[in-house]
């Protein structure tokens with residue numbers, strides 16, 4: 001019987017596959033194409049993530065133009081770099097707008113402070129302004145009883161009546177968010193914005209009614225954020241016609257009735273963008289515009305505002321720094337009293 005010889009146990013050996021790294025220069029044509037496609041794909045993904053990080057407001061604020069030449073585009077980038085340098089400018093909200101209007105009332109006397117307890121939007125501002133001016137008219141002729149006079153919570157009826165009687169310039173601020181398409185949605189969006197503490201897509205614009213000059217002036221630091229200048233003019237012309245009937249021109253007995261009831265003049269105060277992209281300075285620009293208007297109702301905005309973004313920013317920063325301390329006296333939000 002022959003001995004049985006068992007074969008030696010076989011062992012499994014695992015060999016790690018060798019990976020050869022080649023430079024782009026030494027790679028094959030197919031490898032080069034693959035690497036280029038992957039690189040382009042990663043670039044597109046990165047750009048998409050950057051755009052997602054931007055808020056919708058930032059995208060609206062950005063200026064894009066295919067008509068600018070290379071040199072002009074370089075200048076724009078240099079100016080943008082200058083704008084972004086330095087500390088951010090403070091955000092002026094409704095409380096700041098009220099305080100500044102009180103400061104202007106103290107200086108010019110003919111200005112009615114802004115009532116921030118009644119939020120105005122593009123859906124209700126026409127009716128509200130008409131009602132406010134009709135209230136002034138009835139107060140002037142003593143047709144409104146003190147108990148019937150609506151006044152802001154931080155102002156007494158007696159003081160509000162006196163302010164109405166002595167005022168001829170009525171500034172109104174309008175709040176807007178493009179995502180709201182009804183008055184109810186706009187007010188809900190306003191509450192959400194205030195609760196979050198973030199500006200988001202919200203924006204302030206200014207409407208000035210001047211009885212002495214028979215003029216309605218509209219200002220938007222983005223000039224077309226709510227609507228185009230022509231669309232705003234069409235809306236304001238209806239308001240101007242109503243105001244012309246409320247405050248007819250002075251004339252003799254033989255004066256033409258149609259001429260006496262002629263509409264107020266409508267003026268679009270902003271035909272260019274004065275607010276820089278990435279800055280939330282619409283409230284401060286509204287106050288600056290009001291200050292210029294009270295100095296000279298016929299002023300030209302383009303003559304006041306530099307075309308250079310860094311100079312515009314410096315101008316507004318100087319305006320803010322010189323007025324914030326004086327405004328602080330109205331931080332309690334109490335209306336100024338008439339002497």
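Keep in mind that glycine also has a Cβ here, set from the backbone N, Cα and C atoms.
Note that the coordinates shown come from a computational prediction; the quantities given were computed from them, not determined experimentally.
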Which stretch does Swiss-Prot mark as transmembrane segment, out of 36-56, 57-77?
36-56
DSSP secondary structure for residue 203 (active site), reduced to helix/strand/coil, please.
strand
